[in-house]
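J.: My questions all concern the structure below.
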Amino acid sequence: MTQTMILTGASRGIGAAVAEIYLAKSPSHNLVAIARSESALNALKEKYGDRVKTVAGDITDEKIVSEAVEKALEFGSIDSVVANAGVLDPVDTVAKADIAKWKNLFDINFFSVVDLATKTLPHLKKSNGRFVAVSSGASTSSYYGWGAYGASKSALNHLIQTLVAEDKEVNAISIAPGVVDTNMQEDIRNKFGANMTPESLQKFIDLHKNKGLLPAEVPASLLVNLAVKGWGSDLNGGYYRIGQDALKETFFTDVHQIAQNRQSKGPRGQLLKAPIGLRAYSKFPSSDKKKSEDKSNQNSNDQKNSKEQKKSPFSKGYVLGALGILAVGSTVLASVYTKHEPKSAPEPKKGPAFSDKDVSVVFVLGGPGSGKGTQCGKLVNEKGFVHLSAGDLLRAEQVREGSSDGALIAQCIKEGTIVPQEVTVRLLRNAVADNVAKGKNKFLVDGFPRKMDQALTFEDEIVKSAFTLFFECPEQVMLDRLLERGKTSGRADDNIESIKKRFRTFIETSMPVVDYFDKQGKVVKLRCDEPVDTVGNRVKEALVKRGIN
Ligand SMILES: Nc1ncnc2c1ncn2[C@@H]1O[C@H](COP(=O)(O)OP(=O)(O)OP(=O)(O)O)[C@@H](O)[C@H]1O
Ligand SMILES: O=c1ccn([C@@H]2O[C@H](COP(=O)(O)O)[C@@H](O)[C@H]2O)c(=O)[nH]1
């Protein structure tokens, strides 16, 4: 039987996985996909043809929502809505709240969902359809700096509860998807971490490093199950976390068993009630599938399924059979099934290789062309520092015979993006160790760390930095210097295209590192749009003030 879903945030992460799983699951599934990125939407259209209609635009724009509803009705009905679009930004304490940014977040995470509910509920009631909202564990626990996000998700839970309280014919539910491997997580690690507690940020970085993040397909399979098949009346209007018993009992996704082995620490060290790093099992016994098509008996069927599940013990054969039935699914979920075996507990941290009492590291940061290399060069002669330029180390590695990272480094440098930290940290670790072995213990680490993960890994594994020298310089001055340098440097990135990209990376990815150390009182800021010697004197004064002569 034909079904039509409206999905927001369809271009990336969980939304993209929902679209894929839902469309692949049955040829009678139609989708109206809303997202800002037209290209991702077009790719869906190309793949699934007439079964997909797209609306490119901002979900906070009421016209966009209306257009999506109109397009869904062209298919004949609206059977489910998955309100998935959401943002985490702004991340900062309430004391520093920027109200305009909070309002913008609420427009996206909350008011757009109110709008979507208002416009779709009459149609969902006609089809006995389902409204599924993507919430968060942050809706019930507070995380430092996440006030706006948590409050919006709390409001979302309340909205869902209210929809059902106001009209018993409405099917609505709110789901926390767990800690999922999405762009939001990448932003947490690299952008927002500066405004979180170091411990909290470290937890997210460790989750990523230890492969503890859920693949997007796991929550997506749950969301699709809910949207397509519905839930028991006892769950209606509620908020549930992936892996929670209530979902196991009533639905077809069982992550609970694995969750019990994988109860993980939350971002601040507390035990999360919601399990993370789970494996997906999708239970679609053929009888259930048939029943699910009969939407008029939705709730009673689900309760029956629940009983059946209690009777049938969980077995691999059963899961594999179920995967076979899932048309989608057989590819996406099977890969989840095989690739994400629970990992053994990560090894305990060993701590940095060197003590900051024995080895002194000063990070030198600033925009491209701000003069970091020039000043470091002077300090080597005048103060006996070892100058380690991350950029120089990477350029040397790029051309080293036998290097397996050469091509990747070349591409990152040209594009002004950051080489994965494993490569750069390894090069720096070796360089520090080589010099320490020669009795040298004062380092200027130039142009590093450029990304939050690098900062944390370096300090965790090599040595804690003494402080950071930060060179402030107007962009125009840096641009002029780099274009001038480009006449003779031979560098692949001293050209206008690369420079623009490097400026962008500097603002978006590297400035959070400066903010992070600044919050710990470990940044000395210096103006550097003056003659080399003037800047040099400022640098030397700053070092003396910090006890480095
Ligand atoms: N204070 C200054 N006044 C004028 N020119 C300067 C000054 N400092 C550096 N320069 C020149 O600007 C250019 C960029 O300087 P430098 O290479 O030291 O910058 P950087 O911050 O290390 O750049 P990148 O991050 O791209 O490696 C060089 O050609 C250098 O000679
Ligand atoms: O930690 C780092 C430092 C540098 N890169 C890459 O190298 C280029 C050039 O760096 P400079 O400091 O300007 O010499 C930079 O744009 C990055 O692409 C890096 O990836 N990680």
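Just so it is clear, glycine is given a Cβ too, placed from its N, Cα and C backbone atoms.
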J.: Out of Arg426, Arg429, Arg485, Arg491, which is the one TrEMBL records at the ATP site of Gly369, Ser370, Gly371, Lys372, Gly373, Thr374, Glu530?
T.: Arg485
J.: Please identify which of Arg481, Arg502 is recorded by TrEMBL as part of the ribonucleoside 5'-phosphate site containing Arg395, Thr417, Ile418, Val419, Gly447, Phe448, Pro449, Arg450, Gln454, Arg491.
T.: Arg502
J.: Checking feature assignment: region 'NMPbind' per TrEMBL, candidates 48-78, 110-140, 389-419. Which range matches?
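T.: It is 389-419 that TrEMBL annotates as region 'NMPbind'.
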J.: Pick from 264-274, 484-494: which range does TrEMBL record as region 'LID'?
T.: 484-494
J.: Select, from Gly369, Gly371, Ile418, Gln454, Arg502, each of the binding-site residues with a Cβ positioned under 6 A from at least one atom of ligand 1; if none does, say none.
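T.: List returned for ligand 1: Gly369, Gly371.
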J.: Which is it, of Ser370, Thr374, Gln454: the one of these binding-site residues whose Cβ has the most other Cβ atoms within 10 Å?
T.: Ser370
J.: Quick one: give me the count of other CB atoms within 10 A of the CB of Ile418 (ribonucleoside 5'-phosphate binding site).
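T.: Step by step: centre on the Cβ of Ile418 (ribonucleoside 5'-phosphate binding site), count other Cβ atoms within 10 Å, giving 20.
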J.: When you measure from the Cβ of Arg502 (ribonucleoside 5'-phosphate binding site), which residues in the chain that are at least 6 apart have a Cβ under 8 Å away?
T.: Pro368, Gly416, Asp493
J.: How many other Cβ atoms are found within 10 Å of the Cβ atom of Gly371 (ATP binding site), counting all protein chains shown?
T.: 24
J.: Could you round the CA separation between Gln454 (ribonucleoside 5'-phosphate binding site) and Arg485 (ATP binding site) to a whole angstrom and send it over?
T.: 27
J.: Using the alpha carbons only, what distance in Å do you get between Gly447 (ribonucleoside 5'-phosphate binding site) and Lys372 (ATP binding site) once rounded?
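T.: Computed Cα spacing between Gly447 (ribonucleoside 5'-phosphate binding site) and Lys372 (ATP binding site) is 7 Å.
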